[in-house]
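J.: My questions will all concern the structure given below.
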Amino acid sequence: MADPQEESKPLLSRVRGGSGRDRPEGAPACRSVQVGPGTTARRDLCLDQAVVFIEDAIQRGPPHAPLWPFQYRSINHRMDASSLWLYRWYYSSLCQWILSFTIFLILFLAFIETPSSLTSTADVRYRPVPWEPPCGLTEGLEALCLLVFAADVSVKSYLVGWAQFRKNPWLLAYLVVLVVSLMDWIVSLSLVCHEVGGVVQPSGPSMLKLCPQPTSVRDWSIAQNRLQSKPEVFLCGQLASFLSGVGPLALARGLFQPLRVRRPLRPFFLMQNSSMMKKTLKCIRRSLPEMASVGLLLAIHLCLFTMFGMLLFTSEKDAGQDKERLTYFRNLPEALTSLLVLLTTANNPDVMIPAYSKNRAYAIFFVAFTLIGSLFLMNLLTAIIYNQFRGYLMKSLQTSLLRRRLGTRAAYKVLSVTAAGEAHPEGVGVKPQDFLHVLQKVQLNSDHKQAIMEKVRSHGGDLLSADEFQELFDEFDKRVIKEPPPRPEYQSPFLRSAQFVFSHRYFDYLGNFMALGNLVTICAFLVLDADVPPEDRDDFVLGILNFVFILYYLLELLLKVLALGLRGYLAHPSNVFDGLLTVVLLVLEISTLAVYRFPHPGWKPEMLGLLSLWDMTRLVNMLLVFRFLRIIPSMKLMAVVASTIMDLIKNMRAFGGILVVVYYVFAIVGISLFRGVVVAPGNSSPHFSSPPLPPLPPESLPGICTEGVSRGCTEPPPRAPFWTCRPGCPLARGVQRQA
């Protein structure tokens with residue numbers, strides 16, 4: 001959304017295609033033209049200008065557009081006939097859907113590009129080899145997306161004009177990001193997808209080549225021999241990390257990993273297309289100075305308590321019982337990290353309990369640190385952020401109101417005509433027929449449009465004054481409450497009585513009670529069968545109960561349709577929720593009966609089809625538990641809380657988009673920097689395949705039982721050639737028994 005200073009400019013100034021600064025070109029043309037060859041064209045131009053003005057004033061985008069809550073239109077654009085046609089075509093539902101799908105597609109490419117995320121598990125030990133797209137597939141899709149973005153920036157640049165384009169930093173950044181992405185895409189295409197299969201290695205003063213990454217022990221041995229024979233050659237990537245260990249070359253390894261510059265830039269396309277995200281970033285930028293002051297206080301707070309902690313919790317010698325206590329305050333980095341974790345997370349026991357077990361008075365240190373840091377400074381930071389966003393929200397609402405009044409006033413100017421026999425300004429107004437014709441073309445919410453049209457028809461044939469024209473748009477500030485469809489009328493007294501009973505709220509209470517009973521039965525069987533393996537469970541009783549409850553839900557659906565009618569039943573969202581789940585449950589139950597027959601004692605058939613009986617039962621139970629949410633609309637307080645949460649989610653979508661952008665960028669950069677660091681072990685079997693170790697003499701146990709105390713004898717310590725443990729641990733006892 002434009003700044004208030006920009007929105008206060010005349011809507012039909014020279015920049016927007018007019019010929020005057022304060023007097024619009026369209027207004028006198030529409031008023032003065034009576035007959036002539038260009039009358040129809042000029043009148044159509046006036047109507048189109050009015051349509052665009054109204055849409056710019058109150059419209060947030062084409063109806064049903066996927067990213068529409070994030071979108072606001074700019075009022076700075078051309079107003080000639082061809083530009084208006086292009087402008088309305090650009091903001092049509094089809095174009096906005098194409099643009100939104102393109103943004104989704106280019107962001108989704110990261111999940112199928114190398115390294116692919118299309119695996120059932122993320123564990124490097126057990127995940128299968130992921131599907132790798134053929135060379136050129138993702139590049140082709142990305143090329144299509146970039147072409148769409150190129151067309152998007154071209155249309156936007158043309159519509160706003162060169163003067164506005166130079167003043168708009170987002171459009172300039174849009175063009176730069178697009179050019180960089182195209183250049184990087186050309187580089188990837190010229191390398192024929194080999195930039196992801198190897199790493200760049202400098203092998204001479206000015207020559208770069210691709211070296212394949214070692215994937216087997218033989219490759220590592222060959223690489224090690226080459227390193228010994230030619231130590232002057234710099235090995236990069238996983239080779240340098242493997243042969244040199246953790247050291248300075250680890251940074252070089254990350255620098256020489258393949259990094260496609262265009263991938264971290266992809267979230268920019270989402271931000272550029274979302275006006276709400278732009279406003280959120282602007283608000284965050286304005287909040288940074290005050291947040292920095294509180295951040296400085298937090299830094300001083302951390303530094304002071306870090307020094308206090310190091311002075312309190314260190315001693316001359318590290319006794320065995322104090323070793324755990326001294327772990328968190330051994331040196332400055334560890335002490336600072338421990339207090340930072342304590343400040344930002346609920347990690348109090350890990351940091352405090354070791355010191356508290358030594359001396360109760362040490363609790364004063366942690367209580368003071370928590371009170372000052374967590375309860376005062378962090379809450380102060382939250383209050384500053386809230387205050388900044390609240391002020392910015394009020395300013396945004398004022399700007400939106402100014403936008404509406406400017407847009408509606410401009411629409412009034414281009415539609416206003418002089419009444420017959422009148423030559424003074426008091427005789428100027430808008431014909432209701434012209435305004436109704438404009439409303440037919442405007443992309444607005446159908447309910448609000450219908451309310452405005454009814455209000456216009458109530459004026460008859462009189463001209464609409466400026467105040468009356470402005471008041472018509474106050475309908476957008478009102479919430480539309482739809483009346484429920486009329487109930488069916490029955491002649492039979494029995495049907496009328498049944499309609500009264502089954503449409504009463506007590507019938508809904510009965511349905512809620514049945515849903516609660518169903519939930520209790522599922523919970524009871526989960527508790528009773530917690531220790532029973534799935535293959536030994538008898539689902540006879542639970543299957544019968546679920547069958548009975550599903551039949552009741554189906555009967556409830558049919559009776560409500562009988563009482564309210566189909567349209568009346570679908571008019572309530574809670575009924576739609578119930579009906580959809582009931583139909584799904586009915587289909588699953590019929591499928592279960594068709595495959596595994598009717599429940600009977602000892603009902604444990606073998607797996608048939610896609611899902612086993614236990615899987616089908618679990619799926620049905622999950623849907624039944626989910627259906628219990630139907631009680632929310634029946635409880636007023638719970639319904640208010642639920643509606644507040646839903647409104648909060650809607651209003652936080654812009655912040656959610658910012659978080660998606662941040663996590664997406666860090667994920668892409670992390671994949672490029674740390675690729676290949678975690679190497680899958682050669683043997684992922686939980687059983688040892690190597691022969692048992694020879695027995696150790698008992699006299700050698702005290703010498704090797706050292707560092708493994710804190711590790712619980714589950715893994716070797718870093719840089720240790722063999723397992724270490726202490727006498728008394730399970731590993732030591734096992735070795736003693738073997739000896």
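Including glycine, each Cβ sits where the backbone N, Cα and C put it.
Note: TrEMBL annotation is automatic and uncurated.
Per TrEMBL, the features are:
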- 1-36: region 'Disordered' (REGION)
- 89-112: transmembrane segment (TRANSMEM)
- 171-192: transmembrane segment (TRANSMEM)
- 239-256: transmembrane segment (TRANSMEM)
- 252-389: domain 'Ion transport' (DOMAIN)
- 294-313: transmembrane segment (TRANSMEM)
- 361-386: transmembrane segment (TRANSMEM)
- 504-690: domain 'Ion transport' (DOMAIN)
- 506-528: transmembrane segment (TRANSMEM)
- 540-559: transmembrane segment (TRANSMEM)
- 580-599: transmembrane segment (TRANSMEM)
- 619-642: transmembrane segment (TRANSMEM)
- 654-674: transmembrane segment (TRANSMEM)
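Quick one: how deep are these features, and who are their neighbours?
T.: Cβ atoms under 8 Å from those of the transmembrane segment (294-313) belong to residues 325-326, 328-329, 331-332, 335-336, 338-340, 343, 355, 362, 365, 368-369, 372-373, 377-378, 380-381, 384 of the same chain, restricted to positions at least 6 beyond its ends.
If you look at the transmembrane segment (361-386), the same-chain residues 6 or more away from its ends with a CB under 8 A from one of its CBs are 287, 290-291, 294-295, 297-298, 301-302, 305, 308-309, 312-313, 339, 342-343, 348, 351-352, 355.
When Cβ-Cβ distances below 8 Å are used as the criterion, the transmembrane segment (540-559) is approached by residues 498, 502, 507, 511, 514, 517-518, 521-522, 525, 578-579, 581-582, 585-586, 589, 592, 599-603, 617, 620-621, 624, 627 of the same chain, each at least six residues removed from its ends.
Long-range contacts of the transmembrane segment (619-642) within its own chain (CB-CB distance under 8 A, at least 6 residues past either end) are made by residues 508-509, 511-512, 515-516, 518-519, 522, 546, 549-550, 553, 573-574, 577-578, 581-582, 584-585, 588-589, 592, 611.
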J.: So if I exclude everything within five residues of the ends of the transmembrane segment (580-599), which remaining residues of that chain have a CB under 8 angstroms from its CBs? That is, six or more out.
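T.: Contacts of the transmembrane segment (580-599) (Cβ under 8 Å, skipping residues fewer than 6 from its ends): 539-540, 543-544, 546-547, 550, 553-554, 556-557, 605, 608-609, 613, 616-617, 619-620, 623-624, 626-627.
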J.: Mind checking which residues reach the transmembrane segment (506-528)? Cβ under 8 Å, same chain, six or more beyond either end.
T.: 541-542, 545-546, 549, 552-553, 556, 559-560, 578, 621, 624-625, 627-628, 630-631, 634
J.: Taking only the residues in the domain 'Ion transport' (252-389), give me the average pLDDT of this model.
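T.: The predicted confidence over the domain 'Ion transport' (252-389), as a mean pLDDT, is 79.
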J.: When DSSP states are grouped into helix, strand and coil, how many residues of the domain 'Ion transport' (252-389) land in each?
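T.: For the domain 'Ion transport' (252-389), the helix, strand and coil counts are 112 helix, 0 strand, 26 coil.
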